[in-house]
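Asks: Structure provided below as structure tokens; questions to follow.
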Amino acid sequence: MSPPAATFDIPVANTGNGLSLKKDLAVKPAASGVAKSLAEIEHNWEKFTFAPIRESQVSRAMTRRYFNDLDTYAESDVVIIGAGSCGLSAAYTLASKRPDLKIAMVEAGVAPGGGAWLGGQLFSAMVMRKPAELFLNEIGVPYEDEGDFVVVKHAALFTSTLMSKVLNFPNVKLFNATAVEDLITRPAPTSNDPNAVRIAGVVTNWTLVSMHHDDQSCMDPNTINAPLIISTTGHDGPFGAFSVKRLVSMQQLPQLGGMRGLDMRTAEDAIVKRTREVVPGLIVGGMELSEVDGANRMGPTFGAMVLSGVKAAEEAIGVWDERKAQNDE
């Protein structure tokens, strides 16, 4: 039996183009404009005009929806940090299998997709080793079969297709240009570690604000509570490997293993197999995991990122009920 779909107390738009739009606000029908199809506009540009609008309508249309999303997702079921190929794959898999869960994605960049807009060295083609082509079949991305691996003609085709599918789920919200600055914790002492914690949410801020804490003062953050976090922030960098570096500074991990040199043959298997809940409430996947375990990097091949995301979603489904019960205590 499939789980019930997530429900939100937000009115659905009563007008539009007939396509299924997610949790929109009620809007008024257009006051003018008689064209019923694009074909009626073509070759008739002399009489063309847009429907009337005031600038305040645009402001309200954006802010009303955004702040409703902030309110709705302040208590989420799962937060995914990072919307690269691993995070997007995790979101797709999780939203597909558990439509009852509210999933918030937090991405520091303006453009989601991470490094998956291009292949290696800014080339266009994207390579995935088999059996990652099964995920491409799932989302409908064409490829050329090269035997043991497949090639997507342009990485942007994969990323844009996956992103459009993720954003069309009614239970997923992407907060891009938003950085995770910290993790929310709760005491979870064990017999071996009386100072152990579980992760219970994320601390967020606008990315542009996060980048200027050194030259501006008193810019406090916001928060999202969730019983389970999936962190896919990539290898070490300005925003990369954020969650695992924070675990070290909180003394929840002894130290990072440090990503090793490039070895495609060992790296991809290691990343997928080791994708797991590192501490209670925090699942780590993708290249961020290489910094924990000291795994090799795989370079310009993307199959491990995709299948690590799939496994992260599977791990999340496996522990979510337990983490939710703990979160409700």
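Glycine is treated like the rest: Cβ placed from N, Cα and C.
Per Swiss-Prot, substrate binding site is recorded for C86, E107, A108, G115, V180, D220, H235, M287, R297, M298, G299, and the stated evidence type is sequence analysis. For C218, the entry in Swiss-Prot reads 2,3-didehydroalanine (Cys).
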Asks: Let me know how many other Cβ atoms fall within 10 Å of the Cβ of C86 (substrate binding site).
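Replies: C86 (substrate binding site): 35 neighbouring Cβ atoms within 10 Å.
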Asks: Round to the nearest Å and give the CA-to-CA distance linking A108 (substrate binding site) with C218 (2,3-didehydroalanine (Cys)).
Replies: 20
Asks: Within its own chain, what residues at least 6 apart in sequence put their Cβ under 8 Å from the Cβ of G299 (substrate binding site), listed in sequence order?
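Replies: In sequence order, the residues whose Cβ lies under 8 Å from that of G299 (substrate binding site) (at least 6 apart) are G120, L262, M264.
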Asks: Between A108, V180, C218, which of the recorded positions has its C-beta surrounded by the fewest other C-beta atoms within 10 Å?
Replies: C218
Asks: Could you tally the C-beta atoms, other than its own, that fall within 10 angstroms of the C-beta of H235 (substrate binding site)?
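Replies: That number is 17.
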Asks: For C218 (2,3-didehydroalanine (Cys)) and H235 (substrate binding site), determine the Cα separation and express it in whole Å.
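Replies: If we compare the Cα positions of C218 (2,3-didehydroalanine (Cys)) and H235 (substrate binding site), the gap is 29 Å.
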Asks: If you measure every Cα to Cα distance among C86, E107, A108, G115, V180, D220, H235, M287, R297, M298, G299, the residues said to bind substrate, what is the biggest one in Å?
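Replies: That value is 37 Å for the farthest Cα pair.
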Asks: Quick one: give me the count of other CB atoms within 10 A of the CB of R297 (substrate binding site).
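Replies: If we count other Cβ atoms within 10 Å of R297 (substrate binding site), we arrive at 15.
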